[in-house]
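Novice: In case it's useful when we look at the structure, here is the feature table from Swiss-Prot:
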type: BINDING; residues: Gly38, Glu39, Asn40, Gly41, Ala42, Gly43, Lys44, Ser45; note: ATP binding site
type: DOMAIN; residues: 6-243; note: domain 'ABC transporter 1'
type: DOMAIN; residues: 262-504; note: domain 'ABC transporter 2'
Amino acid sequence: MDHYILEMQEITKQFPGVKALDKVDFKARKGEIHALCGENGAGKSTLMKVLSGVYPYGTYQGEILINGQPQKFYTIKDSERAGIAIIYQELALVSELSVAENIFLGNEPLHHHLIDWDKMYIEATKWLKEVGLDVSPGTKIKNLGVGQQQLVEIAKALAKNASILVLDEPTAALTEAEVEILMHILHQLKSKGVTCIYISHKLNEVFAIADNITVLRDGRTIGTVKKDETSQDKIITMMVGRELNRLFPYINHSPGAITLEVRNFSVYNPDNPRKKIVKDVNFYVRKGEVLGIAGLIGSGRTELVTSIYGGYPGKNEGEIWLDGRKIKIKNSEDALSNGIALVPEDRRRQGLVLDMDICKNITLASLKRSYNIMLNESAEIRDAEFFVDKLKIKSPSVEARVGNLSGGNQQKVVLGKALMTNPRVLILDEPTRGIDVGAKYEIYNLINSLVSQGVAIVMVSSELPEILGMSDRILVLCEGRITGEFSREEATEEKIMACATGGK
């Protein structure tokens, strides 16, 4: 008989007007890596908030069992005492405190009612070694990279004797090298009997590390399958409820004349005005073309495209030409007035006002030009509803708060705001980061639609399959310089990575 360390039985969770979870079942064995997959809004986060005590016992129906024993978690502390720890995508660390202080925050070892600093540092060193992190426990969190901070979070969980570790989109901000380190640590934890619940949209990672996969859709359990007995295509079908013909629905484009051209363009570090981040870059994008820009983190991709849009704090130099005419862009208003729009890398911080509704967010960049002095609220609502319908944004109304939407729907609102400006050039910086496969597919189809209408697309992405799957041409940046350019036909992951790392 199978022994399950965790059983969640017929979990139902309702909010006003919405049933977020509908009799969801989820089970995990001791010492397994169990992936939890589903589109944004499928119920994954809600289920984990029930498990962690964020939604306390009594606010949902159903039962949670740990090692066969029913549990009632009224607080997060209750779930932690039962051995459950959750590491969210937004890491919960205090940047000004040391590694040791963060590991034992709220759980400090005491001696005669005072913090036992010696014991804290000795214990912290032990847990850091457990996760393979070679840093001093006295190092401040702000001096660590994101990958190192994530390992501190895992050490913090282990210090609380976690036997069930939940990781929510753990690799969203990690480099490939950091992802490999994380995977190695999770395999080590598995061998020591720790159960890992791995929530991710990146199916290649899921298939690389998981033993079993459970799929949720629309708040229901669709099924649990063994990784070795399924495929990515089958999981995608379970997630979206239909077959996607291809993950990247590329169609042959017929690019026209050059729309945007950048000549001898350099960008300077705002903290060190003499240092160039982007160095004498030249490129162009044609009408009805997707130009992909690849490169490693720190290569200057975001600084380049944000500067072209007028949104980067560091100064720049060089020339920007639009439809054969030299233009000056000092700020985002200049860019928008010239028909250049940007969907930024960080939608929540740079692309949205989370406390405002969908309508206000979509029309925000167009208020001055579209509605003149007097704001026509009915026209504003009508325009917002048009983009909600066009982009298939899932929401009860355009007056819903943007902060309450799923990641995929938030990204569509940012796209709607950009499209509302009727751009000739649309810059997409990490357009599908952190969103589910169904929403990705819809965004790819939108890109195809825009290109067929003659919009020039510049797409920055850290996902090489996305770059290869959707681009007509590909540029590669390394340390601020263009080190490679490929047509769609000649581009490969190996060629791009060689250029991205300074090789040839």
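Here the Cβ of each residue, glycine as well, is placed from N, Cα and C on the backbone.
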Novice: What three-state secondary structure does DSSP assign to Ala42 (ATP binding site)?
Specialist: coil
Novice: Let's check the environment of Ala42 (ATP binding site): how many other CB atoms sit within 10 Å of its CB?
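Specialist: So the number of other Cβ atoms within 10 Å of Ala42 (ATP binding site) is 26.
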Novice: List, in sequence order, the residues of the same chain other than Gly38, Glu39, Asn40, Gly41, Ala42, Gly43, Lys44, Ser45 whose Cβ lies within 8 Å of the centroid of the Cβ atoms of the recorded ATP site.
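Specialist: Leaving out the recorded residues gives Thr46, Leu216, Arg217, Ser406, Asp436.
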Novice: Any same-chain residues 6+ apart from Gly43 (ATP binding site) with CB under 8 Å of its CB? Would you list them in sequence order, or say none?
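Specialist: Looking at Cβ-Cβ distances below 8 Å from Gly43 (ATP binding site), excluding near sequence neighbours, one finds Ala20, Leu21, Val24, Leu216, Asp218, Gly219, Arg220.
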Novice: Would you find the one among the binding-site residues Gly38, Gly41 whose Cβ has the most company, meaning other Cβ atoms within 10 Å?
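Specialist: The largest 10 Å Cβ neighbour count belongs to Gly38.
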Novice: Which value does the mean pLDDT take for the domain 'ABC transporter 2' (262-504) in this predicted structure?
Specialist: 90
Novice: Hey, what's the Cβ neighbour count for Glu39 (ATP binding site) at 10 Å?
Specialist: 26
Novice: Looking only at Cβ atoms, how many others are within 10 Å of the one on Asn40 (ATP binding site)?
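Specialist: Excluding its own Cβ, the number within 10 Å is 21.
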